[in-house]
Amino acid sequence: MTEPLKPRIDFDGPLEVEQNPKFRAQQTFDENQAQNFAPATLDEAQEEEGQVEAVMDAALRPKRSLWRKMVMGGLALFGASVVGQGIQWTMNAWQTQDWVALGGCAAGALIIGAGVGSVVTEWRRLWRLRQRAHERDEARDLLHSHGTGKGRAFCEKLAQQAGIDQSHPALQRWYASIHETQNDREVVSLYAHLVQPVLDAQARREISRSAAESTLMIAVSPLALVDMAFIAWRNLRLINRIATLYGIELGYYSRLRLFKLVLLNIAFAGASELVREVGMDWMSQDLAARLSTRAAQGIGAGLLTVRLGIKAMELCRPLPWIDDDKPRLGDFRRQLIGQVKETLQKGKTPSEK
């Protein structure tokens, strides 16, 4: 028994011919081009955070200008003139036995001494803040170093500056994990994964609490002036707490340098339309429609406070960010939204629910 033949199948289009992949031509560099070659580096942090992050970096970066040097030189000459004139008055009062003038000179000397002591203290605190940047550079070099002998002493100095006791469990785990055969990169990396997260967790809690208080305060307060004053106070307090956690004592000039960033935060908090319309790109349209203008403004101000806290952490932290351990804005976003929604639900009457 024979099977019937199958009918012929006609194809409309021609068969596709396989094409060999085309490769780019080989590029070669001569010796001159190889010597002048430099890899392009991209600042990933600024690309991720945007233009606002660049403005914050510029506000935190120390600036040196000719006008500043001239002002400092003038103040130094004025101070020397005041001291010289005071010495001359004291000598004249002693020779003429003018005890009233002599007492005034003594009081002035005490005031000047207190002022000089305050300036020296502020300069030391400002130097300590700048020294932290050098410590980060040193830590970055150690994280790329294969030498030995420097990593352990460096980490022990950081622990002492942060006020971590030798009996702390995290520090004890670090001591148990290191041994003599490890290089500086491995020792510092272990410190960054075992000890540093303890301080980072405390700083995160401070940021979360401050941002939540700012969010709820602005969401329920009807006075814009009170909101701005509250944000300024909370942000300054947040900076001080984060600096204290990382072993840095801020002085007047150190706070003054960071106050530019606080003013930037206040300016964004005052722009309710910008926060409500532009700042809702990370929220769904349904949630944005349910939130009131004050609640949206409160969330925006809270997120900006979080950004301020993250920048303060980056400035005061002795180690650079590694292995994506930098806190992100999205880590605090859901918590702020949940707190605002919970507050709005509590404020509604049973009939409204």
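Each Cβ is built from the backbone N, Cα and C atoms, and glycine gets one as well.
Going by Swiss-Prot topology annotations, R68 is found across the membrane from T96.
If you average pLDDT over the topological domain 'Periplasmic' (121-212) in this model, you get 84. Long-range neighbours of the topological domain 'Cytoplasmic' (91-99) within the same chain, counting only residues 6 or more positions beyond its ends whose Cβ lies under 8 Å from a Cβ of the stretch, are 105.
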